[in-house]
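**Q** According to Swiss-Prot, the Zn(2+) binding site annotation covers 30, 209, 239, 243, on the basis of sequence analysis. Under the heading ATP binding site, Swiss-Prot lists 274. Per Swiss-Prot, motif ''HIGH' region' is recorded for 32-42. Feature annotation from Swiss-Prot assigns motif ''KMSKS' region' to 271-275.
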């Protein structure tokens with residue numbers, strides 16, 4: 001196995017990744033709260049840790065990738081009453097929409113996708129355990145976690161108790177400490193609630209993830225329950241800090257050996273989020289750009305750095321991706337052989353250095369430029385073509401781009417009825433050329449050109465692409 005280095009949020013530095021169990025990796029990524037459609041911020045987090053998943057697999061690790069769905073939350077309940085829909089109708093709608101978006105981005109399937117509402121019993125058990133240890137206590141409105149009972153509280157986010165207190169928004173005069181947070185919210189009018197030994201209500205946000213990790217992933221004989229816990233930088237505090245505290249005090253284990261966080265997507269200098277009302281829904285961006293172009297754009301900046309959304313950069317990313325597919329067209333129909341050793345090493349060296357996609361994509365740019373020069377000099381070199389298609393297949397394996405049909409890629413955004421019209425005009429043009437009616441053939445080409453369709457006459461027939 002190659003040596004992978006990742007940036008650990010606790011140590012605030014790059015460290016060598018060493019799994020808890022040899023050859024196996026357990027990862028938990030905080031998934032969406034399913035009350036609305038996904039935006040580019042969700043896409044960025046998904047792509048960042050999909051890249052981690054792919055790099056680990058290429059390094060021969062067996063990966064258990066888990067991403068949850070928060071399907072019980074204040075925002076979901078608010079949506080219920082706004083739309084007069086059931087909780088299940090809303091959450092299923094947005095879970096399905098999220099999965100469709102992830103498919104468009106070529107995100108590898110998760111091993112486990114737990115829902116909060118399907119794991120209530122383990123949440124109740126954890127809360128009961130914390131109450132029995134006097135680490136949690138009841139007030140009139142909730143069961144709270146007592147942050148003063150955890151000496152390590154704040155060590156993940158590197159915040160002092162004063163900073164933690166100022167950052168909290170849960171104000172209740174019955175709380176022992178201003179930083180204490182709700183584990184279980186007691187039933188209110190027009191609320192969704194579940195029976196529990198400590199009172200009818202519903203779980204707080206933080207306990208959900210701790211409980212799902214405990215149930216589905218946790219090593220029992222290790223100081224750490226899982227290898228990597230990941231999510232957006234906005235989750236570092238309070239969400240991940242609170243998760244870590246709950247698990248420490250409940251099980252005596254550390255939640256994760258490593259913590260990883262991706263940067264924001266910013267709009268006009270502010271983090272993109274639904275609550276701020278400045279988010280670009282992924283489904284809307286997908287109307288103009290393929291998921292593959294969006295993927296390329298979002299991984300062109302290192303995952304830890306903030307990214308300022310700019311459509312000009314999105315267009316530039318498409319042009320770079322176009323070059324991969326133009327090369328793929330030049331080696332179309334060739335069987336692969338083996339990846340160029342130096343190319344593979346250069347890509348892996350970049351990605352094993354904390355998933356450095358910027359360098360990896362630069363290596364690809366250089367390979368494409370060199371390949372085109374070689375093909376220009378010797379267009380019939382089959383061994384070269386076999387190596388190049390192997391290189392492109394490796395790019396898809398480790399970066400998730402370049403795996404689609406080269407001709408279909410350049411036809412993105414054309415609906416079926418328009419495709420039928422284009423194919424019909426091409427057939428008419430071909431017939432006109434056969435009968436040497438070049439005037440008609442030229443008129444048909446001009447008509448297609450007015451539709452922003454470019455034609456290329458090849459030995460295998462006429463192919464077209466959208467300009």
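For all residues, glycine too, the Cβ spot is worked out from N, Cα and C.
Could you give the neighbours, burial and distances for every feature on this list?
**A** A helical conformation is recorded for residue 239 (Zn(2+) binding site) in the three-state DSSP classification.
Within the chain carrying the motif ''HIGH' region' (32-42), a Cβ under 8 angstroms from the stretch's Cβ atoms is held by residues 69-71, 73, 75-76, 78-79, 90-91, 94-95, 97-98, 101, 232, 264-265, 271-274, 279-283, 285, 294, 298, 309, all 6 or more beyond its ends.
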**Q** Using Cβ atoms only, which residues of the same chain lie under 8 Å from residue 30 (Zn(2+) binding site) while being at least 6 residues apart in sequence?
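**A** In sequence order, 67, 68, 209, 230, 231, 232, 235, 239, 240 meet the Cβ cut-off.
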**Q** Going by a 10 angstroms cut-off between Cβ atoms, which of the binding-site residues 209, 239 has the sparsest surroundings?
**A** 239
**Q** Cβ within 8 Å of the Zn(2+) site centroid (30, 209, 239, 243 excluded): which residues?
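**A** Other same-chain residues with Cβ inside the cutoff are 205, 206, 208, 210, 229, 231, 235, 240, 242.
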**Q** Name, in the order they occur in the sequence, the residues of the same chain whose CB lies under 8 A from the CB of residue 243 (Zn(2+) binding site) and which sit 6 or more residues away.
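**A** For residue 243 (Zn(2+) binding site), the qualifying residues are 206, 209, 210, 213, 229, 255.
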